[in-house]
Amino acid sequence: QVGQVFLYFQWDSLLLEAGFLAILVAPLRLLRRGSPAWRPHDPVTFWGVRWLLFRLMFASGVVKLTSRCPTWWGLTALTYHYESQCIPTPGAWFAHQLPVWFQKLSVVATYVIEVAVPLLFFAPLRRLRLFAFYCQVLLQVLIILTGNYNFFNALTIVLAFSLLDEEHVGRWLGRPRKKHGTAWPPSLGSVLAALLELSTYGLLLYWTVHYFGLEVNWDKKLLDSKVAFTYHEFTTWLRTVTLPLVGVAFLSLSWEILVAMYRCACVRGCFWKLWATLQWAIMATATVGLFAVSLVPFTYIDHESNGKLWPGIHQMFGAVERFQVVNSYGLFRRMTGVGGRPEVILEGSYDGHSWTEIEFMYKPGNVSAAPAVVAPHQPRLDWQLWFAALGPHQGSPWFSALVLRLLQGQPDVIRLVQTDESRYPFHGRPPTFLRAQLYKYWFTSTSEGSPGAAPWWRRQRVQEFFPAVSLGDPTLESLLSQHGLKDKPPLRRRGDAALPRLLGALRRLARPFSGPAVLCSLYLVAASAGLLRALARRGPPPARHKGGPRERNGLRGEPGGRPEGRHGAKR
């Protein structure tokens, strides 16, 4: 709320919702310090994470088609996406060079992973859920390699862990596999499970081929694809499945609640059984409440289904909406930059005649500079400049304030442009004049040379984005007054307040380093602390003896001593 447009992305809302769920999922050990991390109600709260993942992925796939974007419907979105996204990576240049038929096939795979595969999140078979997990991880890893989307992809992978179980994670940690029965002939249940799994894969493949017109072109040695359904057919299908999906999710949640209740009844000890039941009741109530409230933003994908919800659910959502504990999602709804990537280039001058470009740390500018790798950091100013280029500067009121601060030479704002002041062309003294030009950028092709030997980008000037202004210029003053951005007296604070002093010290400590370096260092510190904690908990390996405590205490017999009786080993 404070950061406004700079901190109002969908992944910021996702982080808020995931953070609230973490309060319910994180272990709560109030009475037993040495109790195991697992609790009977854990599957219930973890189900809430799975439901969040489902809403995120399913809605992100659906909105691409409900937006009627011609590039998504024509399966050509990825031919523009890699060069037109906010901050591409070097991998995006190579992905952009892939043939068109492969780009279209990649869009088909995106639809399958985001629309069809999430339906398997609630499948009764663990192998189907594992298949869904690896599909989601594959998509997120490919996005990480080709785009800088801060913590979003890592957070989505963390949410996808709700599809795993202890046995599968144990294999990653080197634990021995559980021995399953290998009796022949197999039981009826295992046969039915195998048939259901194979049928699911077969239907998924058949529907993909049928609805996306997959056909091998032997002459051109490629795989053709096209959308083989209409917008009306898709919206009809969406209207048909939205509320039934809510019903399936409710049945899945109800099953987890009942199983957790049974596990609470199996806890030993009357007091601990009551304590586990109390925790179960609280967590189950909270999860059911979150599920009910989340139905309102989830059904935004189909307004008719949204109107059929019980009015009480709408009232509950209205009461908690301002806290953003549940949100609506729908990433990459429309593809921008179809005619070329728009980019705002700031220029400064001392005399108003010779102009020098101001290079930002992360966004494209210099055509010979390689795209940056900044994840998990999100340079908010660079991102907002991408949005500003999509329209006139009047649609981005903060841009006038940016120009003012650069003309004033404010150090905090200059560090948003370049942390290394020597790379800022006006680090000696602020520019007298500033202006902005609008360019169109395109990735170079392999025919123009390999990256490094040739530029990564080619560009063309389109028009002036912001007129040349100086301090006290009537145009600049008018824009600042119009948007209420005129300088105001600073708020009065106590000079000895602890929090401002602490934040100031942290800011000075991190000032010489870039955002990605600071965040990666924090991640590494957290990972190292977790690793050391895990190693500290590992005790010495237990002694391997075949007998009981009597043997371990040396009572079975000592060298040269009298052995036990002939029944001692059995005892």
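Even glycines carry a Cβ here, placed using N, Cα and C.
In TrEMBL this protein carries:
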{"type": "COMPBIAS", "residues": "548-571", "note": "compositional bias 'Basic and acidic residues'"}
{"type": "DOMAIN", "residues": "8-169", "note": "domain 'Lipase maturation factor 1/2 N-terminal'"}
{"type": "DOMAIN", "residues": "325-467", "note": "domain 'Lipase maturation factor 1/2 C-terminal'"}
{"type": "REGION", "residues": "537-571", "note": "region 'Disordered'"}
{"type": "TRANSMEM", "residues": "131-164", "note": "transmembrane segment"}
{"type": "TRANSMEM", "residues": "184-209", "note": "transmembrane segment"}
{"type": "TRANSMEM", "residues": "241-262", "note": "transmembrane segment"}
{"type": "TRANSMEM", "residues": "274-298", "note": "transmembrane segment"}
Beyond the flanks of the transmembrane segment (274-298) by at least 6 residues, Cβ under 8 Å: 21, 24, 28, 31, 39-41, 44-45, 47-48, 51-52, 55, 59, 246, 249-250, 253, 257, 260-261, 263-265, 267, 306, 309, 313-314, 316-317, 320, 325-329
Tertiary contacts of the transmembrane segment (241-262), as residues 6+ beyond its ends and Cβ separation under 8 Å: 40-44, 47, 51, 54, 58, 119, 122, 277, 280, 284, 287-288, 291, 295, 298-299, 301-302, 305, 308
Contact set, same chain, for the transmembrane segment (184-209): CB under 8 Å, 6 or more residues outside the stretch: 108, 112, 116-117, 120, 123, 125, 127-128, 131
Residue counts (helix, strand, coil, in that order) that DSSP gives for the domain 'Lipase maturation factor 1/2 C-terminal' (325-467): 36 helix, 35 strand, 72 coil
Local confidence of the prediction over the domain 'Lipase maturation factor 1/2 N-terminal' (8-169), expressed as mean pLDDT: 91
